[in-house]
Ligand SMILES: Cc1cc2nc3c(=O)[nH]c(=O)nc-3n(C[C@H](O)[C@H](O)[C@H](O)COP(=O)(O)OP(=O)(O)OC[C@H]3O[C@@H](n4cnc5c(N)ncnc54)[C@H](O)[C@@H]3O)c2cc1C
């Protein structure tokens with residue numbers, strides 16, 4: 001079977017969960033080959049990639065690859081596409097992943113699909129488009145299919161691959177070196193999972209009422225091991241930081257479980273969460289549009305419902 005290149009997302013030498021999902025997906029369609037961009041690959045990282053099915057691990061360990069924003073990663077993948085003729089290239093549908101996918105498509109004269117939430121036989125992708133209002137199936141008709149897949153679209157399953165390592169050297173064009181990274185500031189990482197990667201997200205909206213009241217949302221999130229999200233009404237009010245906004249102009253999440261508390265379900269909010277596998281809405285207005293979308297709904301005051309829910313979850317631990 002032909003190789004499917006999977007661009008590895010990694011932080012501090014650790015492979016991110018979305019990569020394990022992409023390897024699982026790639027395994028169902030061909031032979032997964034992981035592509036590690038930049039220095040710092042560890043024995044643990046290689047073992048993890050092999051554990052989830054990577055038959056090959058292409059390692060481009062040059063410092064240059066991570067020194068210039070995203071362009072070098074697109075050039076690395078383009079050179080691998082030319083050398084290895086893979087059946088497809090999969091990247092995570094993160095902001096960076098999607099930019100790499102677009103650049104790679106131009107470089108290889110190929111079609112690109114972004115925000116896929118599934119990928120099947122013949123590389124037919126399921127996509128949620130127009131702000132999440134329409135689901136379509138799409139297929140690349142030109143070149144090598146390049147598909148950016150949303151985190152949490154597939155459950156990662158281990159199935160050992162050979163994990164054969166191959167060093168790759170890349171010659172970067174001057175164009176790829178146009179935007180140099182001069183400083184990296186590490187974001188303080190809390191105990192909660194990253195919003196776009198979390199399997200469970202608990203979000204609060206205007207109904208939460210104040211910044212202090214967000215502790216109710218955080219309490220439920222922590223008892224479930226979830227990430228916290230917020231509607232734009234809540235972030236614009238300064239109740240929760242903007243980086244946690246879910247929606248059209250915020251983050252797109254696709255968790256197994258999304259709990260929306262005090263959120264009406266405006267189209268712009270839905271755009272960022274409606275591909276969640278199970279949606280639970282807590283709202284005091286039985287007519288709130290979020291209930292049209294929810295799998296389970298609780299009509300009630302979130303200040304009563306959410307603490308009770310947290311208590312029940314804690315009891316079952
Ligand atoms: C261009 C554009 C981009 C946008 N991008 C985004 C985006 O990315 N993300 C986003 O979220 N929005 C976005 N918006 C804003 C969006 O249109 C809505 O205004 C916003 O989502 C509303 O947030 P909300 O549901 O928290 O507030 P509201 O619509 O005011 O809803 C609050 C809900 O809380 C309920 N409630 C109140 N008190 C309680 C209580 N005690 N217990 C239980 N329920 C209670 C109410 O019944 C109501 O349904 C965008 C808008 C535009 C124009």
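Keep in mind that glycine also has a Cβ here, set from the backbone N, Cα and C atoms.
Unlike curated entries, TrEMBL annotations are predicted automatically.
Per TrEMBL, the feature domain 'Electron transfer flavoprotein alpha/beta-subunit N-terminal' maps to 4-185. Summarising the annotation, TrEMBL assigns FAD binding site to 206, 231-232, 245-249, 262-269, 283.
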Chain-internal residues near residue 269 (FAD binding site), provided their CB is under 8 angstroms and they sit 6+ positions away: 205, 231, 232, 246, 247, 248, 260, 263
Least Cβ-crowded entry, counting other Cβ within 10 Å, from the binding-site residues listed as 245, 248: 248
Whole-number mean of pLDDT values that fall within the domain 'Electron transfer flavoprotein alpha/beta-subunit N-terminal' (4-185): 95
Residue among binding-site residues 263, 266 with least C-beta crowding, 10 angstrom cut-off: 266
Surrounding CB atoms that lie within 10 Å of the CB of residue 206 (FAD binding site), all protein chains: 16
Three-class DSSP secondary structure - residue 263 (FAD binding site): coil
